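To start, the structure itself, in structure tokens.
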Amino acid sequence: MDAPLLLFLFFAGTSLCGVQPAMVTIKNNCPYTIWPGTLTGAGIPPLPNTGFELAVGASSAPIQIPPHWSGRFWARTSCATGPTGSFACQTADCASGAVTCNGAGAIPPASLVEFTFDGYNGQDFFDISLVDGFNLPVTVEPVGVAASATCTPVACPGNVNAGCQPELALKDASGATVGCKSACVAFNQPQFCCSGAYATAATCQASGYASYFKAMCPQAYSYAYDDKTSTFTCPSGPNNNYLITFCPVPNIATPVAANSSPIPARDSVVKSAAAILSFRYHVFFFFLSAALAYI
């Protein structure tokens, strides 16, 4: 998408409504430590903390969201500092070499929570995306906002890893599946990535792989054009809070051994780029869908 057009759509919507702050809190309901990470959209100042450790059962301090912020949250697993002092994680590593991600996105597969605050027509847009794959179950719950058909808790509570096809599976040293790649990430083919000749909603349809993700997580994006059942909005407001919970049902979370060695996919340059592109696709679709509804 053309960057000037994206910026025009963004500010055209937000200029009509007041600047309203919001808060995001992250809770770790997994039976092991996680390391949440954040990535801010292009041209927007990053959050003060782009990555941190979160113990079992702990919740982060509320994260204050700047006006008009857009970006994504995810959680890394089985992280450690190696002999050279470089920090790395087994799943969703951002390859920054540190606990903070510092502008780097998650290496797929990773379960993503995406937001655009104070967007078109005074709305906060949010979704759970499995476009780049899955590593942890996750839910997003609006707090302090009047519920509606579109302003509602969103969940991907199932363990996608449990039935992940072998060709999509990311395995640890013991052979256990710790992540499930999307077909786009695994094969990098246009029909799975909605690119090239498949770059429209009419030509890019859900594959059998995407259908499995959708069956496990009906409210989450399973591929790039999965907008109708996967985009949610709440009216922007000064008291809006959003609670992100990883492993909302802890007994179905994929076990991660305490001594499991991090195996980051550092050769995944194309896959990392795909993660950034999927975020830009979603921001575009947020505004396009809202604009069409408004018209």
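Cβ coordinates come from backbone N, Cα and C, glycine included.
Taken from TrEMBL, the feature signal peptide applies to 1-17.
Annotation source TrEMBL lists disulfide bond at CYS30-CYS247 (among others). According to DSSP, CYS30 (disulfide bond) sits in a coil region rather than a helix or strand.
Cβ contacts within 10 Å of CYS89 (disulfide bond), excluding its own Cβ and spanning all protein chains shown: 25. Positions annotated as disulfide bond by TrEMBL: CYS79-CYS89 (among others).
The disulfide bond annotation in TrEMBL covers CYS94-CYS101 (among others). Here the Cβ of CYS94 (disulfide bond) has 30 other Cβ atoms within 10 Å, regardless of which shown protein chain they belong to.
According to TrEMBL, the disulfide bond annotation covers CYS151-CYS234 (among others). For CYS234 (disulfide bond), the same-chain residues lying six or more positions away in sequence with a CB closer than 8 A to its CB are GLN123, ASP124, PHE126, PRO142, VAL145, SER148, THR150, CYS151, ASN240.
Residues or ranges marked as disulfide bond by TrEMBL: CYS156-CYS217 (among others). Mapped onto three states, the DSSP output places CYS156 (disulfide bond) in strand.
What TrEMBL records for CYS164-CYS180 (among others) is disulfide bond. DSSP assigns CYS164 (disulfide bond) to coil, not to a helix or a strand. The Cβ of CYS164 (disulfide bond) has 25 neighbouring Cβ atoms from other residues within 10 Å, across all protein chains displayed.
According to TrEMBL, the disulfide bond annotation covers CYS184-CYS193 (among others). Here the Cβ of CYS193 (disulfide bond) has 22 other Cβ atoms within 10 Å, regardless of which shown protein chain they belong to.
Among the features that TrEMBL reports, disulfide bond is placed at CYS194-CYS204 (among others). CYS194 (disulfide bond) falls outside any helix or strand according to DSSP and counts as coil.
Closest in space to CYS184 (disulfide bond), of the disulfide-bonded residues given as CYS101, CYS164, CYS194, CYS217, is CYS194, taking the CA atom of each residue. With respect to their backbone Cα atoms, CYS180 (disulfide bond) and CYS204 (disulfide bond) stand 21 Å from each other. CYS184 (disulfide bond) falls within a helix when secondary structure is assigned with DSSP. Rounded to a whole number, the distance between the Cα atoms of CYS193 (disulfide bond) and CYS79 (disulfide bond) is 29 Å. Each residue contributes its Cα atom, and for CYS94 (disulfide bond) and CYS217 (disulfide bond) these two points are 24 Å apart.
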